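So that you can see what the record holds, here are the features copied from TrEMBL:
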ACT_SITE  181  active site, nucleophile
ACT_SITE  352  active site, charge relay system
ACT_SITE  381  active site, charge relay system
DOMAIN    87-387  domain 'AB hydrolase-1'
SIGNAL    1-30  signal peptide
């Protein structure tokens with residue numbers, strides 16, 4: 001957890017970043033850079049192949065016309081000859097992320113690779129609007145209409161399209177669903193609102209789940225202090241924090257400059273909270289090269305509404321008339337986690353600034369089919385995907401539960 005002194009340190013590091021970024025490109029010589037990790041210039045599929053795994057890309061169309069990319073690792077490095085269908089796992093990333101979250105650590109500490117080597121057929125989703133899902137049947141990403149979505153649409157369109165495609169492709173009847181952060185949020189919505197989809201989920205593995213933000217201390221909650229019109233003035237109405245050339249350059253140059261490794265680590269993880277001692281700092285350039293991967297401003301506005309209202313509900317379109325047009329009622333319909341029948345396992349972090357343990361305690365009371373719950377006292381929000389000790393505290397448990405509930 002960041003102390004008062006830590007906050008002052010963060011401010012100084014931020015100031016240093018502003019000064020350094022203006023001059024570093026011209027002044028840093030090749031000799032002063034650490035060895036560049038080749039994965040900083042690889043896409044998700046290339047990273048998978050780089051580590052000796054098979055890789056597939058599948059592009060699917062949602063009911064409302066968005067084109068999403070699914071990444072697949074059909075088997076591990078030593079079980080390619082195993083006969084018969086493999087159990088299917090679907091991994092869904094969180095806010096501002098993409099499928100790279102599951103494979104940007106080394107193979108022995110990345111959940112995607114660990115599951116593939118354990119005998120599972122691994123599929124990784126990409127929410128609309130991120131690096132891999134920026135196309136539409138009729139709209140262009142340059143149009144504001146393309147970005148008129150939030151986590152509502154991810155739950156109601158992206159998840160059904162992804163899961164149905166995976167089941168049709170594999171011939172299986174159910175998937176194991178693993179979500180992190182916003183990946184759990186859309187899972188709670190979809191599996192409580194769409195009974196037919198819930199039947200297709202064997203078990204829901206909720207990592208750092210977010211369905212309440214009453215006690216959240218993440219800097220993201222500061223959005224709730226800003227009026228919606230100001231957010232739109234600041235960020236527009238299209239995309240929010242997309243992956244771009246500057247971020248890739250930061251990942252391959254600034255974060256490889258030995259003196260600046262700590263700065264990059266803090267700057268990237270401060271939004272969610274992190275434990276530097278539990279982070280492989282040599283991998284920070286790879287993380288930064290792929291994240292943030294972008295979302296819509298409307299999605300961030302939905303989170304802003306959640307923070308302000310403290311209500312887990314659909315997007316508020318701003319007027320009774322517009323809400324009636326979208327929902328056939330004058331106010332946004334609420335979401336009820338209690339209506340979700342899927343067997344659910346929950347992992348939380350005692351130092352998580354975004355998914356606070358007090359919010360998790362409330363959430364646990366809403367889950368009607370809770371089969372497992374574990375709080376890891378030292379963990380923060382990103383330890384679930386990049387923590388050095390994640391294989392021991394989390395990933396082994398996930399594999400064991402999947403084998404226990406075949």
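Note that Cβ sites are derived from N, Cα and C of the backbone, with glycine treated the same way.
Just so you know, TrEMBL annotations never went through curation; they're auto-generated.
Mapped onto this structure are the features recorded in TrEMBL.
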residue: 181; record: active site, nucleophile; DSSP class: coil
residue: 352; record: active site, charge relay system; DSSP class: coil
residue: 381; record: active site, charge relay system; DSSP class: coil
When you measure from the Cβ of residue 181 (active site, nucleophile), how many other Cβ atoms are you left with inside 10 Å? 26
Take the Cβ of residue 352 (active site, charge relay system) and count every other Cβ within 10 Å, whichever protein chain it belongs to. 28
Neighbour count (Cβ, 10 Å) for residue 381 (active site, charge relay system): 26
Averaged over the domain 'AB hydrolase-1' (87-387), what pLDDT does the predicted model reach? 90
Could you round the CA separation between residue 381 (active site, charge relay system) and the residue listed as 'active site, nucleophile' to a whole angstrom and send it over? 8
Just to verify a number: CA distance, residue 181 (active site, nucleophile) to residue 352 (active site, charge relay system), in angstrom, no decimals. 11
